[in-house]
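Notes for the one structure printed next.
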Amino acid sequence: MAQRDYVRRSQPAPSRRKKSTSRKKQRNLPAVSPAMVAIAAAVLVTFIGGLYFITHHKKEESETLQSQKVTGNGLPPKPEERWRYIKELESRQPGVRAPTEPSAGGEVKTPEQLTPEQRQLLEQMQADMRQQPTQLVEVPWNEQTPEQRQQTLQRQRQAQQLAEQQRLAQQSRTTEQSWQQQTRTSQAAPVQAQPRQSKPASSQQPYQDLLQTPAHTTAQSKPQQAAPVARAADAPKPTAEKKDERRWMVQCGSFRGAEQAETVRAQLAFEGFDSKITTNNGWNRVVIGPVKGKENADSTLNRLKMAGHTNCIRLAAGG
């Protein structure tokens, strides 16, 4: 019995046609053209030749540069400028020069060579250097505790007392120096008068021996008379050393309202002055003190004026 291929018969006709057409297309595809191959080979050859030429040309340039460097010995040309310090060294004269200052612009001059204005300025600078440095007053600030504020106020008082003591000591020294100068001048006057009077006594000695004794008595009486003058000059010294022991108050305002007095007191406390408010007959007075001695009160007033409180006045503690 003959076998039949049922599978091939079962496949549809279009699928058979598709397979046959695809095989025909694969057979009909053209091969790579020889012209394209030749162009690609030419491009590749030119690229390789260009690379070779570039590398070879660089080597030649490096060889020429090396030859130029060898011929030049590797040194730059000499500068044409002749430096100024060489001329100064050639024309320098031996000897020690006086120091110069860039601000002055010349040699240091002696006091005889200075102008009157320069001398005045020099004397002023020397006087400023002799003065004692000013001590800055420590001002209590708002964030301080009451104990710290009290400590700062105590330090201020101690500093004021020290400054006052130094000032009084300086005054006493000046008075002593002036007193010593006066005593020296008073002692020198009778010593100069004594030889003047001894000359006529010696001239009269060969003629009148009796007149010799009065001359000595007169010469001796004058130094004795000069002694009371010196004692009389000693008298002003204890009066100058006496101090004002009274107590004074410094008033910086009198207000009807308590708020104004508190603001003034706060300003004084901020600037380092210990003040208080006293009420009398409806008036609120801002006072500082009591301060012992008129000089201390005056110094407090001066410091208040420097701080800007010009309306402060000095009052007696009982007034």
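Note that Cβ sites are derived from N, Cα and C of the backbone, with glycine treated the same way.
According to Swiss-Prot, the topological domain 'Cytoplasmic' annotation covers 1-33.
Among the features that Swiss-Prot reports, region 'Disordered' is placed at 1-30 (among others).
Taken from Swiss-Prot, the feature compositional bias 'Basic residues' applies to 15-27.
For 55-319, the entry in Swiss-Prot reads topological domain 'Periplasmic', with the evidence type sequence analysis.
Residues annotated as region 'Disordered' in Swiss-Prot: 60-79 (among others).
Annotation comment: Swiss-Prot describes 89-113 (among others) as region 'Disordered'.
Annotation source Swiss-Prot lists repeat '1-1' at 115-120.
Sequence annotations record features per position, and here Swiss-Prot assigns region 'Disordered' to 140-245 (among others).
Look at Swiss-Prot and you will find 143-171 (among others) tagged as compositional bias 'Low complexity'.
Residues or ranges marked as repeat '1-2' by Swiss-Prot: 145-150.
Per Swiss-Prot, the feature repeat '2-1' maps to 197-200.
Here Swiss-Prot flags 220-223 as repeat '2-2'.
The feature compositional bias 'Low complexity' is assigned by Swiss-Prot to 222-238 (among others).
Per Swiss-Prot, the feature domain 'SPOR' maps to 242-316.
Neighbour density for Cys312 (disulfide bond): within 10 A of its CB lie 20 other CB atoms from the protein chains shown. What Swiss-Prot lists as disulfide bond is Cys252-Cys312, and the listing cites experimental evidence.
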The repeat '2-2' (220-223) [mean pLDDT, rounded to integer]: 44
DSSP-derived class (H/G/I helix, E/B strand, else coil) of Cys312 (disulfide bond): coil
